[in-house]
Amino acid sequence: MFSFLVSLSCATIISDYCVGDLSQPDGPAGYPCKDPAKVTVDDFVYSGLRVAASSANPFKFGANNATVTQFPGLNGMDISITRADLDVGGVVPLHTHRVAELIIIIQGTVIGGFIDTKNTAYYKTLSKGDIMIFPPTLLHFQINVGSTPVLAYATFASENPGFQAVDLALFRSSLPSELIEKVTLLDDAQINKLKKLLGGTN
Ligand SMILES: *[C@@H]1O[C@H](CO)[C@@H](O)[C@H](O)[C@H]1NC(C)=O
């Protein structure tokens, strides 16, 4: 209990920073702090976003993430960032996070959109330099509608924002097709087609 309180206060109140010690278990207050005597400037710099993640998938979309897992300096900071590269025709499929997301378009043209809890859809074509906010937990997406690849960065109000995509939850999980039919009203042929494409079982 004492060490939990120490790590909680360390992560949020009494310290300038709490670089995550990823060799310890993660908890509701984040990771315990790395020994401050061993912290260097390199704990506050991450160069992994210089390159795109692979977009060799059905959505033609690569996400290169700098969350606390890749960049322990984010521990306790309530912020993280992802580099998103969308091929021509690429899509970030309908998905959600635990926290708000702010994107900035660096290159290309994107339709960004979200759907609120009243089922109102908000979507707009975004160009280089535009930013858009996606409220916490609401389903949202991005579509490359231009004739060039898209580079965008998405920042999150958490060092561990989570990611859940509707298509992957349905068609890359082990939820049996009979149950997917019931909870979506989709027909069996469509479900099987998407399970084959995305790797779902049962
Ligand atoms: C980045 O995060 C997303 C969402 O969790 C995941 O689908 C993707 O594979 C991650 N990218 C890499 C390169 O691990």
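Every residue, even glycine, has its Cβ placed from backbone N, Cα and C.
Pulled from TrEMBL:
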- 1-20: signal peptide (SIGNAL)
- Cys18-Cys33: disulfide bond (DISULFID)
- 47-192: domain 'Cupin type-1' (DOMAIN)
- His95, His97, Glu101, His140: Mn(2+) binding site (BINDING)
- His97, Glu101: oxalate binding site (BINDING)
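For the Mn(2+) site, the Cβ centre of His95, His97, Glu101, His140 serves as reference, and the other residues of the chain with Cβ at most 8 Å from it are Thr96, Phe114, Phe134, Leu138, Leu139, Ala154, Pro161, Phe163. Each residue contributes its Cα atom, and for His97 (Mn(2+) binding site) and Cys33 (disulfide bond) these two points are 25 Å apart. Per DSSP, the secondary structure of the domain 'Cupin type-1' (47-192) breaks down as 25 helix, 57 strand, 64 coil. Most Cβ neighbours within 10 Å among the disulfide-bonded residues Cys18, Cys33: this distinction goes to Cys18. In this view, His97 (Mn(2+) binding site) is surrounded by 21 other Cβ atoms within 10 Å of its Cβ, with every protein chain counted. For His95 (Mn(2+) binding site) paired with Cys33 (disulfide bond), the C-alpha to C-alpha distance reads 31 Å. Between the binding-site residues His95, His140, the minimum number of other C-beta atoms within 10 Å of a residue's C-beta occurs at His95. In this structure the C-alpha atoms belonging to Cys33 (disulfide bond) and His140 (Mn(2+) binding site) are separated by 34 Å. Rounded to the nearest whole angstrom, the C-alpha distance between Glu101 (Mn(2+) binding site) and Cys18 (disulfide bond) is 23.
Here the Cα atom of Cys18 (disulfide bond) is found 32 Å from that of His140 (Mn(2+) binding site). DSSP assigns Cys33 (disulfide bond) to a strand segment in the three-state reduction. For Glu101 (Mn(2+) binding site), other Cβ atoms within 10 Å of its Cβ number 24. Across all of the domain 'Cupin type-1' (47-192), the predicted model scores a mean pLDDT of 98.
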